[in-house]
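See structure below.
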Amino acid sequence: MDDEQYGTERDRTMESGSEREARMYRLGWSLAIMAAAGLCWAEVGRAEPVAVELRAKIVTLDVAKGDQREAWTFNETFPGPVIRVKEGDVVNFTLKNEADRVHSIDFHAARTPWNLHFQGVPTGSEASFQWKADSPGVFYYHCGTDPMIQHIANGMFGAVIVEPRQPIIKPDREYVIVQSEIYPTPYDVDMMMAGKPKFVVFNGRANRYLDEPLKAKPGELIRLHVVNAGPNHFSAFHVIGAIFDRVYASGNPKNVEYGVQTYTLPPGGGATFDLIIPEEGMYPMVTHSLQDALTGALGVIHVEKDEAQKTTAEPAEADTLAQANPVVR
């Protein structure tokens, strides 16, 4: 299981804009030629199973400035940890219940019988099962214990990234964002059923990325893996002042759209967004369902040159990605 955190970039080697454009061009056409020739891909998942363990536990967390509350969590974080595996991996999963009520797991990335593996685990017990990551993409996981709406609203969810067997170009910046709703109290199921949250948040805290902007440089390829945990509201994901060069529905490289302004994510859904921002500045990241943005689903991508770029580099063209890296089907 990867130890990355939500909203934390995965480091990549930095290149100049011209070097990056050349790399993207060469890689894109190389992949297209390989696909046309029917060549097999080297990456087929790891030989040994990947061990993943989640612990259900109640903790107290800050969900907004001046608002601290009980959270039902996996591994004491809200959202739970990012689980990153490769297409073809076999996952050995264990759920340990250290909380005061029954909990369970539902992996949207797994093809496995609900009645065998997604059932409740009593307090003080654990359960294990195995599943194969045979579909690439960005997926949702959550507690499925009744009332499911309460377990999800209180924080029992996270993201799974299954890296594709067929490689796509590596981004310069990569972030994982989970949108969710926080209700007035952990036990007000009626308010949850009415769909009236106090906050709608990215990665567990209202306005988190106003206080801690996501970082990028002009011309870099930014990749956002976005999951909507719900449990009720749709997300209309949008970056103000930018256009998504590519959107991959459910994060699958075969499900690609170009030049997207706003993308709808249903509760339980996810997508991967690639964009290049050519100019320095502040680019707000929102759900365009504005009542939700105004209650906390709002952040900023801060694009700023480093010292070398300020003296030598030119901004990349906005459509570099679409031109240089043709889709592999």
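Positions of Cβ are set from backbone N, Cα and C atoms, glycine also.
Please treat TrEMBL annotations as automatic predictions, because they have not gone through curation.
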Residues flagged as region 'Disordered' in TrEMBL, choosing from 264-285, 286-307, 308-329: 308-329
Using DSSP and collapsing to three states, where does His103 (Cu cation binding site) fall: helix, strand or coil? strand
When the domain 'Plastocyanin-like' (62-166) is classified with DSSP, how many of its residues are helical, how many are strand and how many are coil? 10 helix, 48 strand, 47 coil
State the mean pLDDT for the domain 'Plastocyanin-like' (62-166). 97
So, three-state DSSP: helix, strand or coil for His288 (Cu cation binding site)? coil
